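Okay, so here's the structure we're looking at.
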Amino acid sequence: MSRFVTSVSALAMLALAPAALSSVAYANDKLVELSKSDDNWVMPGKNYDSNNYSELKQVNKSNVKQLRPAWTFSTGLLNGHEGAPLVVDGKMYVHTSFPNNTFALDLDDPGHILWQDKPKQNPAARAVACCDLVNRGLAYWPGDGKTPALILKTQLDRHVVALNAETGETVWKVENSDIKVGSTLTIAPYVVKDKVIIGSSGAELGVRGYLTAYDVKTGGQVWRAYATGPDKDLLLADDFNVKNAHYGQKGLGTATWEGDAWKIGGGTNWGWYAYDPGTNLIYFGTGNPAPWNETMRPGDNKWTMTIFGRDADTGEAKFGYQKTPHDEWDYAGVNVMMPSEQKDKDGKTRKLLTHPDRNGIVYTLDRTDGALVSANKLDDTVNVFKTVDLKTGQPVRDPEYGTRMDHLAKDVCPSAMGYHNQGHDSYDPKRELFFMGINHICMDWEPFMLPYRAGQFFVGATLNMYPGPKGDRQNYEGLGQIKAYNAITGSYKWEKMERFAVWGGTLATAGDLVFYGTLDGYLKARDSDTGDLLWKFKIPSGAIGYPMTYTHKGTQYVAIYYGVGGWPGVGLVFDLADPTAGLGAVGAFKKLANYTQQGGGVIVFSLDGKGPYDDPNVGEWKSASK
């Protein structure tokens with residue numbers, strides 16, 4: 001009898017399979033369609049190209065000086081606000097730092113909160129969070145007729161949550177990590193097909209990194225791939241790196257570590273993703289090895305510091321390119337991944353992937369197989385590497401700036417913050433330019449030995465940070481840059497200095513504009529071609545998120561979170577004075593509090609401040625008796 005039932009069930013599943021696949025295809029096609037509409041901003045980076053580029057040009061370089069605030073919304077929280085809100089079909093979805101509240105706003109009357117989710121979390125998560133209590137955003141899934149449209153979020157205390165996009169009710173909730181060992185969640189979820197992709201945080205506490213795919217409809221785990229360890233844990237495809245065997249193939253997830261050090265070896269991924277439907281690969285980077293003290297973990301420490309291309313359906317890695325073997329500086333390689341299609345120097349159209357890394361190098365790979373196309377310095381002041389050998393993919397180190405125990409490294413450029421960090425940059429496909437926010441910060445590094453204790457910081461270095469050579473080291477200003485980069489020529493069309501690091505990222509538009517926020521609390525617009533500053537506005541607090549844009553009822557809006565914090569703001573947020581505190585950030589940003597203070601919210605601009613409240617009746621109370 002049981003055999004009969006099993007057979008019938010199997011036949012039923014086969015019969016349902018086409019319908020299930022059809023619903024998946026429908027939902028994915030709808031998400032792609034929504035991402036192409038400039039009314040919406042449905043995922044981090046706007047679309048699967050992850051390019052933060054909009055075709056909108058109602059706001060352009062001839063009229064940008066007319067931008068005025070249209071409306072604002074306070075989240076009620078004061079820690080750093082990273083990422084950007086989502087806009088879908090006339091609603092804005094706003095997220096916050098811990099405790100990771102979520103708000104749905106009606107764009108016809110944004111003062112009206114449609115629903116709000118305020119989770120109760122384990123407060124112990126705060127103690128194991130590195131570098132403020134930030135969160136990088138939300139994801140949207142459009143539903144399939146049976147499952148409602150969802151807003152997906154991560155919580156610092158390890159949970160992944162799916163909320164009904166219309167009501168805010170919890171549809172499912174799963175545990176992704178374990179705060180007892182220091183594993184938290186700060187990453188924005190990423191929806192691909194019928195899966196939501198989730199990374200991990202906690203390398204500073206010796207957390208072993210992994211990437212997980214969950215069924216977006218149920219929260220069931222589909223696959224999990226680790227950054228270190230045996231091949232079966234890494235999910236390496238049979239043809240892994242087959243076209244670039246010199247990058248390394250099987251067995252290296254353990255062989256490049258001493259003993260079982262890979263079990264506490266880091267490699268978490270808390271940054272940004274991209275996806276190519278043509279290759280069906282998800283692109284992302286793994287972070288720094290643990291501990292920071294390189295003496296304690298001999299070897300290349302694969303596959304930390306790696307750009308992976310993983311199959312979205314199986315999780316199998318088709319390629320992996322390790323940018324910084326045996327990282328000595330905490331150059332966690334999780335930064336933004338931006339696909340493009342461009343002609344190379346030989347005139348051949350290539351499917352490319354560009355990634356500005358913490359280590360001071362901006363990489364461009366062939367995204368079909370991971371082959372390295374170019375590797376150029378983010379700034380000519382990078383000194384840890386002399387160059388990158390394009391044949392081997394290996395960086396050529398300058399030993400003077402290494403961090404070994406018998407050598408006190410001074411004036412190391414970039415600092416552990418990198419010349420680029422979590423900011424989400426933009427790519428203008430018409431100009432073939434990447435607009436990148438830069439941290440112009442260097443450091444002194446003093447390593448020390450320490451034991452591993454689960455749930456405690458596992459770093460092993462004291463850092464002192466200060467402005468890079470182009471900044472003002474006496475006054476601790478000039479810690480940032482904004483640059484326009486061509487990946488094919490390896491040249492910079494323009495670059496401009498900023499008082500502080502450009503931490504949040506950029507937005508490029510067809511209006512010939514580049515927008516970005518600054519730590520000292522400005523939203524700025526520059527000319528895409530020249531870098532000339534065309535407009536700026538002082539916002540209530542420093543910005544560590546990136547701007548986004550959308551249209552509603554024919555009006556273009558530009559929005560950005562305000563709320564200083566994150567790694568550069570830890571001194572201000574937690575009132576720290578020791579320059580080596582905050583893993584060295586407090587000293588570098590000692591002047592930040594002179595220019596901004598804490599806040600938390602979103603501010604939305606339009607030409608002449610046009611918006612829903614031009615009608616004075618919008619938002620007004622109406623008596624039921626009238």
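Here the Cβ of each residue, glycine as well, is placed from N, Cα and C on the backbone.
These features come from Swiss-Prot:
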SIGNAL    1-27  signal peptide
DISULFID  C130-C131  disulfide bond
BINDING   E204, N288  Ca(2+) binding site
ACT_SITE  D330  active site, proton acceptor
DISULFID  C413-C442  disulfide bond
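Here the features listed in Swiss-Prot are placed on the structure.
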{"residue": "C130", "record": "disulfide bond", "DSSP (3 states)": "coil"}
{"residue": "E204", "record": "Ca(2+) binding site", "DSSP (3 states)": "helix"}
{"residue": "N288", "record": "Ca(2+) binding site", "DSSP (3 states)": "coil"}
{"residue": "D330", "record": "active site, proton acceptor", "DSSP (3 states)": "coil"}
{"residue": "C413", "record": "disulfide bond", "DSSP (3 states)": "coil"}
{"residue": "C442", "record": "disulfide bond", "DSSP (3 states)": "strand"}
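Set side by side, the disulfide-bonded residues C130, C131, C413, C442 differ in how many other CB atoms lie within 10 angstroms of their CB, and the most is found at C442. Long-range Cβ proximity for E204 (Ca(2+) binding site), meaning a same-chain Cβ under 8 A and a gap of 6 or more residues, is found for C130, G182, G266, A290, W292, F457, F458, V459, L583. C413 (disulfide bond) is 20 Å away from C131 (disulfide bond) when you measure Cα to Cα.
Contacts of N288 (Ca(2+) binding site) defined by a Cβ separation under 8 A and a same-chain sequence distance of 6+ are given as A203, G266, G267, T304, M305, D327, D330, Y331, A332, G333, in order along the sequence.
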